[in-house]
Each structure stands twice: as C-alpha cells, then as structure tokens.
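**Q** I'd like to ask you about the structure that follows.
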Ligand code: 5AD
Ligand code: SF4
C-alpha cells in the first residue's frame, strides 16, 4: 500500500531544496506526498537553527506530533517521526532527550541514507541518530531530482568558512563544499527537459562556489545559460567578499541572469561589521555595489540586516538606516540579533535589550516598506519579461514573476504557463503588480 510522507520545512531555501530531495530519496520506498501530518505515515521536520525562535518552534511542533503519533498507534498504525536539518545537527542528543518519541534524527549531510534509517527505525525499538559529516558527499547518492513547475532550486554549494561571529551555519553545515560543475550542469539539463525555465542556484556562500576545473560561479552561470530551456538564472546567498569580476561580468553580459541580487551586508556600521567578522567594511560594500550597477544598470539589490548586535549603539543603527537609503535596497530580510550558544557573539558584552531591538527592527522595516513601495511604483509603465507559472485567482488570469521576483498578474491564455513573455506593468496592488501584454 502506498505510504504517505509529510515534510514540514523551516528556514532557508536550502532547506526547501533539501526537503524535496528527501522526498525523492523516499519515493522508491513507496512514499508519496501527504497533504498534512494528520494522515501521514512518516513526518519529517526539516529544521532551522539560525535564530532561537526557529529552533524553539521545532519543540512545540514535536509536542503536537506526539499526540498524532499516539493516536495513530492506538488505531493500530505507525507514524515514523524524523527531525532533519540544522537543529538536528546541532542538538541531536537534546532532541532525543526532550522528545524520546522521535524515531530518526538526521543532519543535513546524511539524508541520502534515509532509506536505511527508515528500515532501522522500523526494526529497532530505539531511535536512529545520524549527524555525521560523511566522507561521501550526499549528492553522489541522491536519485534524479523530479521537477515540479517552471522554477526550481539547484544546490551547488554548502557550508561556510566565514565564521561571522553571530552565526551557527559554519557549525551546523560544516566547511565549504562545491559540487562539481558537471553534476550541476547535468542536473540543470534534466530540470530544463522536465519543463523548468528558471533555476536558482543555492548555497550558503553560493558565490564561494568553485569548480574542480578552476571555474568560479560566473563561469558556471555562463555554461548554465547555454543549457537548452534554461531561460532565467538566479543565485543566492552571496557573500560580498566572494563577488569576483567574472561574476560581475556575468551580470553585464548574460540576459538569462536576472538583475536582482541578494547580497547581505548585515550592518552599515564599520565597528559592528568588524565585530561581526564580516571581512568587509561599509566602503568596500558600496564600491562593490557601484561595480555591479555599472555592469548592470537595471540591477536591484536586497540584503539581510541584523539589528541589536551586541554593542550596537543608536549611531551604529543609524548607519544601517543610512546604508539602506544609499544603496536603495528594494527588499531586505531584517532580524533581531538572536544569541546562539557556542558563537563568539553570544559571549560579547553589551547585549542589547529586546525592547531596543524591537524598535530598531520596526524602524528598519518601515523604511524598507517605503523603498519597496517606491520601487514597485517606479515599475509602472516598464516593460518586463515575466515567467508565467500558474493560473491566477480569477478565470482567464495568469500569475508570474518579474525579474525582481514581484508577483505579476495578467489576462492571458492558460497555454502560456511556462513561458517567459513581455508584459507592460500597469498598476501596483498591495501584494502584486498588474500587467498587460507589451
Ligand atoms: N541572529 C539574528 N539573525 C541571524 N542571522 C544569522 N544568524 C543570526 C543570529 N544569530 C541572519 C543573517 C543571515 C540570515 C540568513 O540570518 O542576517 O544573513
Ligand atoms: Fe553565517 Fe556569515 Fe557564513 Fe553567512 S557568511 S552563513 S552569515 S557565517
């Protein structure tokens, strides 16, 4: 009988990718998708450890799942419960202690071994824990990815050697690893053949990717642009320090590379950037933005910001606000600093009170909302290439994404789904843009 798998994903796009690959790994065992945990035979929580709140959510969700699992057992069935991802990696033992009803705990580097773990869990009474960093890269053992829709993630790089003082990623994801170019291009070719038109290359330090052939990410993107059917390319998340000339040149010369770049800066204050161990200052970031905008005048930027990093004064915070204006970010993800056990920043003096963090976050987000709105209005009248990817809310309407990831709706025939079309933006709605054929 077919079994049903429910995967709940927390955190970043890398986890979204990993979740779909875990489903691919389990498909040969007869697992198909379940709509919700309630009727699943196996539930995987793919977790995020980046901030305390994200990690704590996992434990409250486990409390809920415990009841579902017990109900299922009472009815004579069985639910296998797995915790995957970065909380599993960092707190595997703790999970088994606090939630002994969990069957499997696996880190982000071992999910190619899931079938063995499931078999083991079915046999054994106790839990299976696998949070190794195995010598064999998991990518060599994963089945073919299966594509759904017109846009897909493709993981090319994992791990981080940068050791920003606030961040757990170097500990949970390990050191930087790049997949070989040949494997990436083969996966892209399969995705394109299955109807994918837009590929987003993923990595914790995606532009730190380097191929065995001595290629950098710019070169990989050039090769990817040659793959038949690949019409749009994006990459995320980049580090300013790894932004080399070849990648900047790709922004100038490749129409497939979308003019929208997520380039986290974290803070606008040199003092805080140094305490964060970012390896660049404000001026270096601004020089980089200049170079990128020279290469691609249409480029729009987004960033991550942390407010309330230990020692951040009002003046430091004002420098972040000023940088947001100066760069003209059209989007940001901003976070209150969250102290993570084991990171250097957790031990720093002058931790900032929660109320101050909240005020700063609200101010930054208000400024960003203003800038995003201004950018959206500036798009009215512009012609944009939009990838139409699904039916809209109303009959005869399709939804798609602009080069800047804005949702766009247009009256168009259903056969255009999966096509990149030229549209003229006519109106700004609260959560989308409206367009007509150009
Ligand atoms: N507290 C708050 N935000 C954090 N980030 C990473 N670690 C922390 C932390 N300890 C943010 C950074 C990073 C994004 C993925 O999450 O801005 O770019
Ligand atoms: Fe974390 Fe910094 Fe590495 Fe990004 S570059 S994953 S913020 S340590």
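We count from 1, first residue shown onward.
Using N, Cα and C of the backbone, Cβ positions are placed for all residues, glycine too.
TrEMBL lists 3-123 with the feature domain 'MTTase N-terminal'. Taken from TrEMBL, the feature [4Fe-4S] cluster 1 binding site applies to 12, 48, 86. Positions annotated as domain 'Radical SAM core' by TrEMBL: 146-374. The [4Fe-4S] cluster 2 binding site annotation in TrEMBL covers 160, 164, 167. The annotation domain 'TRAM' is assigned in TrEMBL to 377-438.
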**Q** Give me the sequence-ordered set of same-chain residues, not including 160, 164, 167, with a C-beta within 8 angstroms of the centroid of the [4Fe-4S] cluster 2 site's C-beta atoms.
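**A** So the extra residues in range turn out to be 162, 163, 166, 168, 169, 170, 204.
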**Q** Of 160, 164, 167, which is closest to residue 48 ([4Fe-4S] cluster 1 binding site) if I measure between C-alpha atoms? They're all binding-site residues.
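**A** Given the candidates 160, 164, 167, the nearest one is 167.
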**Q** Which binding-site residues out of 12, 48, 86 lie by ligand 2, going by a Cβ under 6 Å?
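**A** Near the molecule: none at all.
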**Q** For residue 167 ([4Fe-4S] cluster 2 binding site), write down the residues of its own chain that are at least 6 apart in sequence and whose Cβ falls under 8 Å from its Cβ; none is a fine answer.
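**A** Set apart from residue 167 ([4Fe-4S] cluster 2 binding site) by at least 6 residues yet with Cβ under 8 Å, we have 50, 160, 340, 343.
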**Q** With an 8 Å cut-off on Cβ distance to the 12, 48, 86 Cβ center, who else from the chain surrounds the [4Fe-4S] cluster 1 site?
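**A** Along the chain, the qualifying residues are 10, 11, 14, 15, 47, 49, 50, 54, 85, 172.
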**Q** Using C-alpha atoms only, work out the spacing between residue 86 ([4Fe-4S] cluster 1 binding site) and residue 164 ([4Fe-4S] cluster 2 binding site) and round it to an integer in Å.
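**A** Residue 164 ([4Fe-4S] cluster 2 binding site) has its Cα 17 Å from the Cα of residue 86 ([4Fe-4S] cluster 1 binding site).
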**Q** Taking ligand 1 as the reference, state which of the binding-site residues 48, 164, 167 have a Cβ closer than 6 Å to one of its atoms.
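**A** Result: 167.
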**Q** Do you know the DSSP helix, strand and coil residue counts for the domain 'MTTase N-terminal' (3-123)?
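**A** So the domain 'MTTase N-terminal' (3-123) is made up of 70 helix, 24 strand, 27 coil.
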**Q** Quiz question: given the binding-site residues 12, 86, 160, which has the greatest number of C-beta atoms lying within 10 angstroms of its own C-beta?
**A** 86
**Q** Mind tallying the domain 'TRAM' (377-438) by DSSP state, helix then strand then coil?
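**A** Per DSSP, the residues of the domain 'TRAM' (377-438) fall into 5 helix, 33 strand, 24 coil.
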**Q** Any same-chain residues 6+ apart from residue 164 ([4Fe-4S] cluster 2 binding site) with CB under 8 Å of its CB? Would you list them in sequence order, or say none?
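**A** In sequence order, 266, 276, 277, 278 meet the Cβ cut-off.
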**Q** Mean pLDDT for the domain 'TRAM' (377-438), rounded to an integer?
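**A** Averaging the confidence scores along the domain 'TRAM' (377-438) gives 95.
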**Q** Counting every protein chain present, what is the number of Cβ atoms, excluding its own, within 10 Å of the Cβ of residue 48 ([4Fe-4S] cluster 1 binding site)?
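**A** A 10 Å sphere around the Cβ of residue 48 ([4Fe-4S] cluster 1 binding site) contains 21 other Cβ atoms.
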